[in-house]
């Protein structure tokens, strides 16, 4: 039986000399992709700046959502307090009406 030609065998991505394919740690170890995706210090600075901007936008969105919920919660508390005060006032009027026997007409 003849040896198959190396030309037709699939390449092993971990031993190929192409540095852009799979020999980078980010391809072999996806959990390190964030730290090792830049091959040049200027790229690292650019990626870090981009990630920082994205995190800043997410923070601003979350902060705005929190403020909206907080304002809504404060409005609900005011509404609850007003309703409770009105309930107490009407209860007081009802007790006075019961004590004095109701209307005199």
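Note that Cβ sites are derived from N, Cα and C of the backbone, with glycine treated the same way.
Whatever TrEMBL says is automated annotation, not expert-curated.
Looking at 1-23, 24-46, the stretch flagged in TrEMBL as region 'Disordered' turns out to be 1-23. Per TrEMBL, the range carrying the annotation region 'Disordered' out of 50-69, 70-89 is 70-89.
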